[in-house]
Structure formats: structure tokens, C-alpha cells
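*Asks:* Here TrEMBL flags 39-56 as compositional bias 'Low complexity'. Under the heading domain 'Tim44-like', TrEMBL lists 148-279. Look at TrEMBL and you will find 32-56 tagged as region 'Disordered'. Summarising the annotation, TrEMBL assigns signal peptide to 1-20. Marked as transmembrane segment by TrEMBL: 65-84, 91-110.
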Amino acid sequence: MKAFWTLFSVLILTFGIAHQADAKRFGGGGFGKSKAVPTQQRQAPQKQDQAQQATPAAGAAGKGMLGGLMGGLLAGGIFAYLLGSGAFEGIQFMDILLIALVGFVLFKLLRRRAPQPAAAYAPGAQSPAQPQQRQAFDMGSIGDSAAAAPASTAVIDLPAGFDQQAFIEGALEHYRAVQSAWNSGNLDVIAEYVKPELFAQLANQRQQMDSAPQTDIIDLNAEIVAAGTQGNSAEISLLFRGLARDAGEQSEDAVFDVWHLERDLSKDNAPWLIAGIEAE
């Protein structure tokens, strides 16, 4: 019975830590609408020299997460219980299950936070951009000439004259702007970028955080991976790839997020709003 309650305590604590790790970056864990993204778009280039450059960063990420997790376990007294209360006297099945579970969760968390090579995502580090007005997203519209396409297809159907480069540049600045607002807890700014139903989920996640995140976006690039229309709604999916640093844990994480944007074609000059976020 003691082993059962120990296992239960570890589960609660571990998943709480994982939730906090996800929440440190805007949209971490994923929210709202999701769509299929082509496999070739989701795979980052692999080069041996880039992998070698990424090794120190991966070590820092692993150290940061391991330190945070071990600190949480020690603070909760679970390790003290396991080592000093006789939980391992005559190893039982639940003891073995507990050890395996903790090892599995550690492996998953460390693997998840290991950053990918920065060079694979962007040609170089970009300085943080100042937040711009939403008009940076409004570089042309979809729907006037694009035929409707099923949401499950990975079709990029943009009308003539759509300025993809300007749209992507605006999206990169918006990504940094919402992360800055997420760090400071400025939900009013975030509400300007997302659909109301998604905002409610994000606001709930941010309000449950124990401390303010200190996440800085180091490298970032973006590409349009899907575009089309569904009824009166224009849709664009953007894939963001790059590198983020957690100043609090002194660790680095790979950015691999997909934003699903929607625009109401029945309204003049309607803004693009985030309807869903897929984050890894």
C-alpha cells in the first residue's frame, strides 16, 4: 500500500512539473484546432556539423530539466521516503513499476526539451523585434480567387498578389510579441491575436502558473504549410521553427510550433486570428 501511494504522489508531482514546463512558452502543449502537416514540412534538416554544434545546448537543456525535476522530488520528500522509509525492503512489483515510471518520464522530458540545431531553423540569430500592429498579418486575403479545400489536405492555395514574405515577417514579429506578453502575463495583448474560445484556454493556463516564465526566442523562422478556404473562413497554417531559451532554468528548447490562423471573409478588413496551436 505504501508503494501505491508513493507511485500516486510521483505521478501527481511529475505531471505537474511537465505541465509547468509546457506552459513556459506561449501555446505550449497545444490548444484549439489542429490539422495535418505534411511530413516533409515537419522534418528539420539533419547535418552532422549542426548536430555537433547542438551538443552543448542539449546538455544544458538536459541539466536544466533534470535539476528542476530532482528539485521538485526532493522538495516533496518523495526521494526521502523511498530511500529512508523501507519502501525498497524486499523489492516488490510496485517498487519496480515506480522506478520504471520515473525513468520513463525523465527520458521523455529530457528528450522533449533537447534543442535541435539552431542552424537548421534559421541562418542566424535574430534580434528581438518590437511588437507591430495586427496589420502586419493583413497582406492580402484568401477567398477571392482560391477554391475551397478540405481542412485535412495540405494545400497551399493563395490568391494572386498575396505577399507571402510580408505575411511571414509579420508573423515572426507577432510570435515574439505574444511570447513577451505571455512572459509578463499581459492577457489583454494576447486576446488581440487569438479567437475567443482559444483565449479562454490560454488564459486559464497562464493564470495557473506558479511563477512568470522567462522565455526568450533566440532563433526563429516560419513558412506557410497550408492555405485555403472553408466556407466564409480563410485559413493559413504557419510552421515556426527555431530555438528558445529559458532564462530561469538556463536551458534551451527547440521551437516547433504550428499556428492555424483564420480570417472571417464575411467581414471587411477582418483580422487574422489564431484558432489553434500545435506545439512539440
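Backbone N, Cα and C define each Cβ position, glycine as well.
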*Asks:* By DSSP assignment, list the helix, strand and coil residue numbers for the domain 'Tim44-like' (148-279), in that order.
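*Replies:* Helix (H, G, I), strand (E, B), coil: 38 helix, 53 strand, 41 coil.
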*Asks:* Averaged over the whole of the domain 'Tim44-like' (148-279), what is the pLDDT?
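*Replies:* When the pLDDT values over the domain 'Tim44-like' (148-279) are averaged, the result is 91.
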